[in-house]
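**Q** Residues annotated as region 'Disordered' in TrEMBL: 111-180. Positions annotated as domain 'Cupin type-1' by TrEMBL: 165-306, 347-488. According to TrEMBL, the Mn(2+) 1 binding site annotation covers 209, 211, 215, 254. Positions annotated as Mn(2+) 2 binding site by TrEMBL: 392, 394, 399, 438. The active site, proton donor annotation in TrEMBL covers 452.
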């Protein structure tokens, strides 16, 4: 049947149905033509109705008339006011934030948190935004709303708020917990790593399971008891608290139970497409094998399995732990003994003293000190208000970030001339591809804490400042037209963090020219010093 005949048949049927339910509605069929094109014939669409047959009480047409084709008529307005072509200027009660009228290339941070009507204006760039728009999102992302004049080209989106991920609830009622995730569905650029934010209520369990990928974890709040064994039958049990880590290699089965204070933790996996929903669960292991096979495998009667859960447990409530840590360890020690300490699945990062520098601190952990965590390297940074993680890049791995506390901004540069600046708040995931330079600047009034996670056997980075300092002066001077007085201040050691000023409108950061974040009375080493760290 030809298309026109099919449409007539469907249309006729709809008329019959309509007539059986109510009085027939007027049916409009219009011969719509495109006439006068130099090389185009007349197009006859008279067999296609343009007015829908609507319910009782409907009025008007879903299509407009051919008179609406441009150029516009005298009225310049549609019946409902949309697309009116009005030349009225946006009149809003807006006030530009501090720094918003400055030269766009300065790129000062724009604090729009309390601005009731944020506008995409920076220096002489941009214009007002009449809407529609989401002002709250604009306030949180001022460097996207009114981007620095130095941003250019195109960079893949490098931010995903975990709060926009769907939170999957645990099972069995009683509010046992939830999990939400970020993978390439949410952040397509994050091809090498994915993350899960998981919450367990007091004494609740993450069901016994294993993964086809490696699992690296950092505890935000609360505490857990983890239990596992390796392929040799060596057992492992440990209690962990906020700030500690665990790592389970792919295929290693394990369990997680919250202490009586509950727990929230971050999981990082070494596949960007990882999904928490694809985990291998012990309940599914029992449900997806024949009962006879289970009985034979465990040398019992099939009646043993009469009360097996009929669906996966995922996250579910449990009872308080009945054994101390030592009692639990003793109860699961078999002939093969316990896991050797140098193969431990846990690392007590909370007890590691930070490396402190002007403007903040850092804790680094990689297989050097946590051997089982193969190819997982991480750094936990704290950055004081106004200070920043220095401009750097990584040699062999993408960087997966999680912002734990405070707020900051990052400019991602990918040569030859692409850059984009993103703003982050607590709970956000960031992602920077390998060899792309970036910094992390604290733009808030509290300490910023965030994680950098790499797929690398050792945590390494390249410092832009140290690179210039260790390049012959003449090369730097003649390449960048920089004065010798500046070159003389470049640090020959890596600083990790550089101090700053809580006044984010500051543009002069020479030594002793401003109150330094994290230091007292401007004493000790400052931004230009070459002796801040090793």
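A Cβ is built for glycine as well, from the same backbone N, Cα and C atoms used for every other residue.
In TrEMBL, annotation is done automatically, which means it is predicted and not curated.
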**Q** Other residues near the Mn(2+) 2 site, CB within 8 A of the CB centroid of 392, 394, 399, 438?
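**A** So the additional residues around the site are 393, 432, 436, 437, 452, 461.
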**Q** Can you tell me how far the Cα of residue 209 (Mn(2+) 1 binding site) sits from the Cα of residue 394 (Mn(2+) 2 binding site), in Å?
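**A** If we compare the Cα positions of residue 209 (Mn(2+) 1 binding site) and residue 394 (Mn(2+) 2 binding site), the gap is 33 Å.
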**Q** To the nearest Å, how far is the Cα of residue 438 (Mn(2+) 2 binding site) from the Cα of residue 215 (Mn(2+) 1 binding site)?
**A** 26
**Q** Tell me, how many other CB atoms lie within 10 A of the CB of residue 215 (Mn(2+) 1 binding site), whichever protein chain they belong to?
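**A** Around the Cβ of residue 215 (Mn(2+) 1 binding site), 24 other Cβ atoms lie within 10 Å.
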**Q** In DSSP terms, helix, strand or coil for residue 209 (Mn(2+) 1 binding site)?
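**A** Note: residue 209 (Mn(2+) 1 binding site) is in a strand by DSSP.
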**Q** Could you state the whole-number distance in Å separating the C-alpha atoms of residue 215 (Mn(2+) 1 binding site) and residue 452 (active site, proton donor)?
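**A** Answer for this pair: 16 Å between alpha carbons.
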**Q** Just to verify: the residue among 211, 254, 392, 394, 438 with the fewest other Cβ atoms within 10 Å, which of the binding-site residues is it?
**A** 254
**Q** List the residues in the vicinity of the Mn(2+) 1 site, defined as same-chain residues other than 209, 211, 215, 254 with C-beta within 8 angstroms of the site's C-beta centre.
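**A** Sorted by sequence, the hits are 210, 248, 252, 253, 279, 280.
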**Q** Using DSSP, would you call residue 394 (Mn(2+) 2 binding site) helix, strand or coil?
**A** coil
**Q** Could you check which of the binding-site residues (211, 392, 394, 399) sits closest to residue 452 (active site, proton donor), going Cα to Cα?
**A** 399
**Q** Please list the DSSP helix, strand and coil residue counts for the domain 'Cupin type-1' (165-306).
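**A** The composition, in the requested order, is 21 helix, 65 strand, 56 coil.
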**Q** How does the domain 'Cupin type-1' (347-488) divide up by DSSP, counting helix, then strand, then coil residues?
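**A** Across the domain 'Cupin type-1' (347-488), the residues distribute as 21 helix, 68 strand, 53 coil.
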**Q** 399, 452: which of these recorded positions has the sparsest Cβ neighbourhood within 10 Å?
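**A** Result for the recorded positions 399, 452: minimum number of other Cβ atoms within 10 Å at 452.
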**Q** Take the domain 'Cupin type-1' (347-488) and average the pLDDT across it for me.
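**A** Value for the domain 'Cupin type-1' (347-488), mean pLDDT as a whole number: 98.
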**Q** Consider the binding-site residues 392, 394, 399 and say which one has the Cα lying nearest the Cα of residue 254 (Mn(2+) 1 binding site).
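**A** Nearest candidate: 399.
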